Structure formats: structure tokens, C-alpha cells
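Contents: one structure, followed by commentary.
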Amino acid sequence: MAEGGTTLEYTPTWVVAVVCTVFVVISLAVERFLHYLGKLLKKKNQKPLFEALQKIKEELMLLGFISLLLTVFQGRITSICISEKLANKWLPCKNKSDATGTAHFKAFFSFFPGGSARRLLAESSDSASSCSKGKVPILSTTALHHLHIFIFVLACVHVVFCALTILFGSAKIRQWKHWEDSVSNKEYDIEEAKSSKVTHVHDHDFIKNRFRGIGKNFYLMGWVHSFFKQFYGSINKSDYITLRLGFIMTHCRGNPKFNFHKYMMRALEADFKKVVGISWYLWIFVVVFLLLNVAGWHAYFWIAFIPFILLLAVGTKLEHIIIQLAHEVAEKHVAVEGDLVVQPSDDHFWFHRPRIVLILIHIILFQNSFELAFFFWIWVQYGFDSCIMGEVGYIIPRLIIGAFIQFVCSYSTLPLYAIVTQMGSSFKKAIFDEHIQEGLVGWAKQAKKKTVLRKAANGSSQVGHKEDSPGAVLLTKIGSERSTTEERKAGEISQENYP
């Protein structure tokens with residue numbers, strides 16, 4: 001009983017059974033809920049959302065493993081001792097008397113009967129007694145317990161905020177569906193449209209909104225216009241119709257009635273499974289923030305500006321890409337036959353990679369979730385007046401920035417991402433229906449497998465089987481010729497069209 005409290009040896013069996021039953025029931029209920037939710041998504045052919053659900057399960061498994069490690073190695077961690085001088089450096093709160101310091105631990109646990117806070121502090125004191133004079137445990141039992149809770153809260157808040165962002169962003173994109181219907185319901189032929197009329201470029205609504213006007217044709221003012229445009233009317237009907245036509249003319253010219261809106265929604269759902277996860281570089285950010293959360297530095301306040309600045313930069317860049325598309329047409333043509341068509345290209349994106357935008361949105365959502373999760377965790381765990389919470393003058397701007405990021409990312413940045421990233425040089429596999437995707441992927445894998453077997457056969461025939469008959473060599477050459485075309489097509493599908 002070195003760690004304090006009563007062990008299982010002297011705990012009533014009915015208490016152990018009741019506690020285990022409660023936690024098992026809760027765990028099974030959550031597992032069944034996720035299972036039936038997955039079956040519902042598969043039944044409705046929502047494979048991207050089902051894969052996102054699987055990603056959430058992976059995150060929960062990771063959290064469970066972290067929880068297991070913290071629990072199993074709790075005794076060993078608290079038995080590691082460091083000097084008091086080293087333990088008093090880089091503290092989140094200024095080191096005062098012990099009574100003042102322990103007051104911050106009572107806010108959360110005071111809700112439970114039995115003095116849980118006092119018990120945990122007693123465990124910390126008992127653990128400290130295992131260290132020699134002048135040394136303290138590297139991490140107390142209480143601190144480990146609170147760190148455990150924080151990691152769980154962070155993951156939950158991140159998943160919830162990502163889901164809300166996708167939900168509100170999708171609601172915004174669905175408002176564009178009547179634009180899609182107004183175009184696709186018309187009897188429309190691309191070749192006939194190109195030859196039947198002449199469009200004066202500078203009189204087109206898309207060019208008027210994106211190219212003409214005071215200062216818009218200057219480079220710097222174009223960026224300024226893009227910055228403010230993301231906050232109001234980021235996408236209008238002329239933008240949608242023009243970008244839609246540019247995509248169809250580039251990637252599916254033979255299908256003028258292609259449902260561009262449905263394709264965008266499928267692509268956004270596929271990207272959701274990447275956004276909802278917590279990548280390794282995001283965990284590095286968590287560690288760095290915990291390192292810099294030193295008293296007087298106000299790191300929690302300054303760190304809030306990172307997602308804020310990134311959000312403004314991403315929104316401005318996406319709007320500027322639309323302006324660049326308009327400039328390319330307006331600077332080359334005065335009038336065009338048929339409808340105005342823009343030319344999608346990866347050259348408009350950072351480092352010629354549209355996927356960078358998704359990575360930045362992932363970072364924005366996670367860092368904003370981290371900020372808000374840290375705030376609510378401190379509030380519940382230690383109380384609003386805790387020294388680790390900071391001054392009110394730093395708290396209010398931080399909450400305003402967090403709410404602003406969540407709102408703008410949901411209703412502006414995410415819809416912009418959904419349509420503008422389709423203006424790259426290649427398309428996503430969401431352009432195909434589900435059964436076609438599976439067929440193409442399976443065909444590509446078979447073609448690559450045949451290529452590997454062919455190369456292995458060629459190598460063995462040249463090195464280890466010089467005595468093979470001419471007929472066998474001839475069959476190998478025929479197989480090589482037949483699989484060459486399959487290899488080339490498989491490479492196109494897996495590399496160019498599936499970015």
C-alpha cells in the first residue's frame with residue numbers, strides 16, 4: 001500500500017463488480033453505436049463517411065493504448081526522481097506555497113464525494129517519499145491523471161469540431177445544388193454551344209466580378225480583394241457555372257451533363273477521413289505547446305494566432321486562384337466562341353500541389369480544437385481562476401479567435417476548398433461511381449501484378465533458365481507485349497488521376 005488508499009485485497013467484491021459492470025456497459029454501448037452507424041453508412045453507400053468512422057475508431061484505439069501505457073507505467077514514472085531545482089524550472093504557474101498550489105487541484109474532484117482530490121494528493125505525497133532528500137518525482141500521480149484526461153478531451157473535441165465543420169460546410173455546398181440543376185436540366189451540347197454564339201469576355205459576369213473593377217487588375221490589389229472576398233459571397237452562381245464548365249471541358253469533355261456538385265460532395269467526404277485523424281506532426285505540436293506553456297509567456301494566447309493566420313492565408317489563396325483563372329482568360333481573349341471556359345492547372349496552387357491546402361486545413365482545425373479543448377479542460381479541472389488559465393485579457397481574445405476560426409472555416413474556407421481544388425490538373429477518384437472505382441482499382445492491381453510476374457519471368461529466363469525451350473521464351477515475350485499497355489494504363493489511373 002505504498003501508493004496510498006485501499007488495494008483490491010481489501011475492497012468489497014460487490015464494489016469491484018458494480019464498477020466493472022458500469023464501465024463494460026458504457027464501452028459496449030459505444031462500440032455497438034459505432035458498429036450500427038457503420039452499417040447504416042454502408043447501407044446508404046456512404047463509403048467515404050464509413051472510412052472516416054473507421055479512422056475515428058483508430059484514434060479511439062490509440063487513446064486506449066496511451067491510457068493503458070499511462071496506467072501500467074504509472075508506478076515506474078512516479079518513481080523517477082529529479083532534483084528540486086530542476087523541478088522548479090519552466091512551471092506553468094509561479095511556484096508559491098504548497099497550500100496555494102494544491103488549491104488548484106480541488107475544483108474538479110470536489111464534485112465527487114469521498115475527497116478524491118485529497119486522495120490523489122496523498123498518493124502524490126506518498127510517491128514523493130520514495131525519493132531521497134532534495135529530490136522529487138519527475139511526474140506525480142495527480143499530474144499523470146490530469147494529463148490522461150487532457151489527451152482524451154483533446155481527441156474528443158477534435159473529432160467533434162471536425163464533424164461540425166464538415167456538417168456546416170456541406171450544408172453550405174448543398175445550397176449550390178440549384179445552380180447545378182439549372183445548368184444540367186438544359187438541353188446542352190458542348191460543340192454546338194461553342195459554335196453557336198460569341199461571348200464577349202469582359203461582359204461576362206465571371207470576369208466582371210473577378211477581373212474588372214477598380215484596382216482588381218493590379219497584382220497587390222488582387223490579393224487585397226481576395227482577402228476580403230472570402231468573408232462575403234465567396235462563391236456566386238457565375239463562379240460556380242464557370243468553374244464547373246472548366247472542369248468538365250478538361251476532364252470529362254464527352255459528358256456535358258456530368259453532375260459536378262455530386263462529385264464535389266463525394267470528394268469532400270473522402271477528404272474528411274484525412275481531416276478527422278490526428279497525424280504524427282499534430283502530436284508533435286501538442287508536445288511543443290506543452291513545453292512552451294510557461295508562466296508569463298502566455299503561449300496559449302500567442303499560439304491561437306497560428307490557425308488564425310493560416311485560415312486567412314488559405315482563404316485568400318483560394319479566392320486568388322479564381323482571380324488568376326479569370327485573368328488568364330481576360331488577358332488572352334476579347335471574345336470567344338461559345339461559353340467562357342477556364343483552364344484548370346496545378347500551377348495556381350502552392351508548390352503546384354492542391355493537396356497542401358487540405359493539409360493546412362487539417363492543421364487549422366486541429367490547432368483550433370487544441371486551443372478550445374485546453375481552455376475547457378483547465379476550466380473544469382482547475383477552475384476559471386486558476387493561474388494556468390491566465391488573465392482575462394488573454395482569455396477573451398483567444399475564445400473570440402477560436403469561434404471566428406470555426407465559423408469562417410465551416411461556411412467559407414471549406415466550401416472554397418471543395419470547388420477550387422477541383423481546378424487542378426488532375427481529378428480525384430471520386431469522379432467515378434463506387435462500383436467503377438472498385439473495378440478500376442482491381443484492374444490496375446492485376447495489371448501491376450502481371451507486370452511483376454513478367455519481369456520475374458524475364459529475369460529467370462535470362463539468368464537461371466538458359467535451357468528453356470524456344471516455345472516458353474516466345475510465350476514470355478507475348479505476355480510481355482500484352483501487359484505493356486495494361487501497365488501504362490494502370491500507372492495513369494493510380495498515379496495521375498488519384499492524387
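Note: Cβ is positioned from N, Cα and C throughout, glycine not excepted.
Residues or ranges marked as compositional bias 'Basic and acidic residues' by TrEMBL: 479-491.
The annotation region 'Disordered' is assigned in TrEMBL to 456-499.
The annotation transmembrane segment is assigned in TrEMBL to 14-38 (among others). A Cβ distance under 8 Å defines the sequence-distant neighbours of the transmembrane segment (14-38), meaning residues of its chain 6+ beyond its ends; these are 8, 50, 53-54, 56-57.
Feature annotation from TrEMBL assigns transmembrane segment to 59-77 (among others).
Using a Cβ-Cβ cut-off under 8 Å and counting only residues 6 or more beyond its ends in the same chain, the transmembrane segment (147-168) has close neighbours at 56, 59-60, 63, 66-67, 70-71, 139, 268, 272, 275-276, 278, 286, 365-366, 368-370, 372-374, 376-377, 381, 406, 409-411, 414. Annotated transmembrane segment per TrEMBL: 147-168 (among others), in sequence order.
Same-chain neighbours of the transmembrane segment (272-291): 48-49, 51-52, 54-56, 58-59, 62, 90, 154-155, 158-159, 162-163, 165-166, 299-300, 303, 358, 361-363, 365-367, 370, 374, counting only residues six or more beyond its ends whose CB sits under 8 Å from a CB of the stretch. For 272-291 (among others), the entry in TrEMBL reads transmembrane segment.
Annotation comment: TrEMBL describes 297-315 (among others) as transmembrane segment. Same-chain residues lying 6+ beyond the ends of the transmembrane segment (297-315) with a Cβ under 8 Å from its Cβ atoms: 227, 230, 234, 289, 357, 360-361, 363-365, 367-368, 371, 374-375, 390, 394, 397-398, 401-402, 404-405, 408-409, 412-413, 416-417.
What TrEMBL lists as transmembrane segment is 356-379 (among others). Sequence-distant contacts of the transmembrane segment (356-379) (same chain, at least 6 residues past either end, Cβ-Cβ under 8 Å): 149-150, 153-154, 156-158, 161-162, 165, 271, 274-275, 278-279, 282, 285-286, 289, 300, 303-304, 306-307, 310-311, 313-314, 317-318, 349-350, 386, 388-389, 395, 398-399, 401-402, 405-406, 409, 413-414, 417, 420-421.
Taken from TrEMBL, the feature transmembrane segment covers 399-420 (among others). Long-range contacts of the transmembrane segment (399-420) within the same chain, counting only residues at least 6 positions beyond its ends with a Cβ under 8 Å from a Cβ of the stretch, are 161, 164-166, 168-169, 172-173, 230-231, 234-235, 239-240, 243, 264-265, 267-268, 304-305, 307-308, 311, 314-315, 318-319, 321-322, 357-358, 361, 364-365, 368, 371-372, 375.
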